[in-house]
Amino acid sequence: MNIPWHIYRSFAQQHFPDVLKPRAKDSHKGTHGTVGIIGGNVGMSGSVIMAAKAALKLGAGKVKIGFVQNSLPMPVLESQPEIMLYTAQQLLQQQDINAWLIGCGMGTDNNACHILQTLSEHQLHKPIVWDADALNLLAKYTKFHTLLNSNHIITPHPTEAARLLQQQTAEIQAQRTLAALNLYQQYHCISVLKGYQTLVQITDTQYYLNESGHAGLATAGSGDVLAGMMVSLLAQGMDCAQAACAAVWLHGVAAEILSLQQIGPIGMVATELIDAARQLRNQLLMTDN
Ligand SMILES: NC(=O)C1=CN([C@@H]2O[C@H](COP(=O)(O)OP(=O)(O)OC[C@H]3O[C@@H](n4cnc5c(N)ncnc54)[C@H](OP(=O)(O)O)[C@@H]3O)[C@@H](O)[C@H]2O)[C@@H](O)CC1
Ligand SMILES: Nc1ncnc2c1ncn2[C@@H]1O[C@H](COP(=O)(O)OP(=O)(O)O)[C@@H](O)[C@H]1O
């Protein structure tokens, strides 16, 4: 199994140079940012847990989950006790979050809607990744439209994009470049149209077409892991455009690495991407292979 680290490194150097920045020797956990992740309604706690693990292992200093539930579904995350657990209402009171992710497994009930409104109104100038049910609420209620800005990233899959643009999924897929541009122009933020060859619309005239990854990524929770990686890079100080593109690329390359180890494409699961992405990030920092 030969993993072409040098090819990955030179691509990253050219397109996402911040991914290759080593940690400062005198850095501490505060330097690497605090991530806040809101979502995980009853029965969907797994989605925010996957996102949180991805955020932590991609290098964020601290990761906090706010479950959209009346009480915590578990007192501690046995498999990752480093992650701090709150209800969404408690997490929204915290002032130390550098970047937010909202929507994974969040549901679209009144409580979820209220939480999205509170976050987007009060944390307007912090980076926010809007994923999954945050996008479904965005599509449903026009009141959210004015709350998006250039600090924000939306990450729809084709059906979420169809809801946002009031089209059919087939229409989105037939004209993906146009759909990504429409998302950017209608929602005024970086727009990541997921699926085979994910498109990231960065400005009116600039987009990134991702070619890493494969169909093994079409598995439950893979988008949650991507969103966790993206918010981690944001919390570590990367700008929105680079964080969006770099996360999409790293997520795809993590899948390629797993396939080279015969852990995919078939049967590869979302959580397996996380350690592969961590290995990749560290390999990119090395210069001797
Ligand atoms: N462990 C957990 O807790 C998990 C929780 N999760 C949470 O579940 C919630 C519901 O999310 P969701 O995405 O499953 O439902 P929804 O928005 O109705 O879209 C589904 C439809 O979209 C389509 N579609 C998707 N991709 C496409 C593509 N590339 N190309 C084309 N079409 C594509 C596809 O349509 P089809 O082709 O089947 O007609 C499919 O039926 C959400 O909160 C999420 O975070 C999940 O993250 C999983 C792990
Ligand atoms: N055929 C494919 N080739 C490459 N990437 C894919 C393919 N199908 C899905 N993906 C990627 O997998 C992820 C799926 O995310 P999403 O649909 O939100 O799933 P979930 O909600 O289960 O987490 C996205 O990053 C998407 O780009």
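Just so it is clear, glycine is given a Cβ too, placed from its N, Cα and C backbone atoms.
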* In TrEMBL, LYS194, GLY195, TYR196, GLN197, THR198 are given as binding AMP, so which of GLY223, GLY228, GLY237 is in that site too? -> GLY223
* To do: Find the one among the binding-site residues GLY105, HIS157, ASP224 whose C-alpha lies closest to that of THR198 (AMP binding site).
  => HIS157
* **Integer Å distance between the CA atoms belonging to HIS157 ((6S)-NADPHX binding site) and GLN197 (AMP binding site)** => 12
* **Cβ under 6 Å from ligand 1: qualifying binding-site residues of GLY105, GLY195, TYR196, GLN197, THR198** => GLY105, GLY195
